[in-house]
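Okay, so here's the structure we're looking at.
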Amino acid sequence: MDLGSMGFLKVLLVAVYALDPYFSHAETAPNYSFVHESTTAPPVSYHDYIVVGGGTAGCPLAATLSETANVLVLERGGSPYRNPGKTDKGNFLLTLLDPSPDSYAQIFITEDGVYNHRARILGGGTVFNAGFYSHAETEFVKESGLDEALVNDAYQWVENKVVFKAPLLQWQTAVRDGLLEAGVLPYNGFTNEHINGTKIGSTIFDMNDHRHSAADLLEYADPKNIIVYLHATVTKILFTTQTVGSRPRAIGVIYEDAMGEKHTAYLTNDSKSEIIVSAGAIGSSQLLMLSGIGPRSQLEPLGIKVVIDQPMVGRGMADNTLNGVFIPSPNPVELSLLSTVGISLLVNYIEAGSGLNLAPSFGWISKFLLSILDQTTIGSFFDTRLNGGIILQKVARPLSTGHLKLRSTDPNETPKVRFNYFQEPEDLRNCVQGMKTIINVVNSQAFSKFRYRTISTQQLLNVVAALPLNQRPRHFDTASSLEQFCNDTVMTFWHHHGGCQVGKVVDEDYKVIGVDGLRVIDASTFSFTPGTNPQATVMMLGRAMGVRIQKDRLS
């Protein structure tokens, strides 16, 4: 892929959903004695639990299990602590745009023509996301089957380590007041709860502008009972069948280190030992298929031995859409990242950010915007810093779903992913409603100090319509029709979910249906993304399920 052609898209993704880095001065990084490069791993090892993926769910899960059992974590990426300042506020864009083989975010393009990223770093998406922290709605918790007291305890366990109250500065205050003026009521003040109306949430950035992540939750781990291998790519889950016709049981995994050497990790000879896949919505489905659990019609042509013909693996893939507008400001703006949110019940969520630091190489954007807006007074809108901001909206619960299909048997190659954005008319209607709310916020009296009176909201839509935000075609009415605008300028909110859904691929205990000794615990099990931003709930799920599994083992 030509990274140059993705330049602005990636700037936007950064400014948009990734509008999230919040720190410039790194704290002392944890010195984990149990984190090692996989090149140091023995050829064969034995463990009570093998967690595939040291991400948003995998880190809290592994830390919890290590309290009473021996745990191995296999993470395909590196450590965020080797360069602890890399994810601070001033370096956010450079982190997301990093094209190196060991970057924190692996770039891919969906079959829908939308640019996207997969995490490959200890801590997962929490290492480069927008940082906003908010609980799931009550309905999600009820549908998850988790005990409410356990959920609350798990949230608190996470918050004690990595969560901070988000600052409310001038831009966010204007957005808040604009939302209220636009009718997104009531005002709920500061809260982590998911409540209809406008609120201020939390963040995983501390007051020194340093990012915290799920990797920090490994501080809870018992260092005697856990080992984490980095750059360890699991290629296959191993199964055995005790007798003809009996259920297959997961017994271990094969993984490759950074030098391409193969290692095998087995479960101990204990009926309660398990392999737990927490590789994300894309990675978990991919690994199940590579291991023989998936649609026979896909696996056999690739030479993969079918363990279970499971057609629902990789189905129900969904992604919350993102659309929005840039607003150049006549007045200076601070760097702010997703503090205020407007929640419209099960329809859409409105969020905003401002003052994003930009890489020096993006000076061409200033001239581009000037040519579109014909406003010489805003020549400094894009320089090395965004003198203005963005207001964006997320469709809350997309009904449109797609699928994931393997390209090859190479675990490093991202599968074909199609989300079928806006296939369902209701999703498009919700996007249009969200865009109308954004336009009302931009036109509100509360937001007037950050608006050029000579630039109309239609001109702002024209700018977004002209930018290479994705690889989808543009139409003559892209900017004049909000329906077409949503379709043509759609981006990802990086809230992928589905592929291993509860009731279809895993049961209510997140055990893979049809086999023993194997669970999936991450957003791939979700039927819808929980609330405004899912990271709080995914971390909570890792902790809560770790407690449940631990209790079951000790019973």
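In case you wondered, yes, glycine gets a Cβ from its N, Cα and C as well.
Note that this is a predicted model, so its numbers are computed, not measured.
Between Cys486 and the candidates Cys431, Cys500, TrEMBL records a disulfide bond only with Cys431.
Using a 10 Å Cβ-Cβ cutoff, Arg76 (FAD binding site) registers 28 neighbours. Put simply, Cys486 (disulfide bond) is 25 Å from Gln535 (FAD binding site) when counted between their Cα atoms.
Taking a C-beta cut-off of under 8 angstroms and a sequence separation of 6 or more, Glu75 (FAD binding site) has the following same-chain neighbours: Gly53, Gly54, Gly55, Gly58, Ile121, Leu122, Val228, Tyr229, Leu230, His231, Ala232. Across the structure, Pro534 (FAD binding site) and Cys431 (disulfide bond) are spaced 19 Å apart at their Cα atoms.
Around the Cβ of Cys431 (disulfide bond), a 10 Å sphere holds 27 further Cβ atoms from the protein chains shown.
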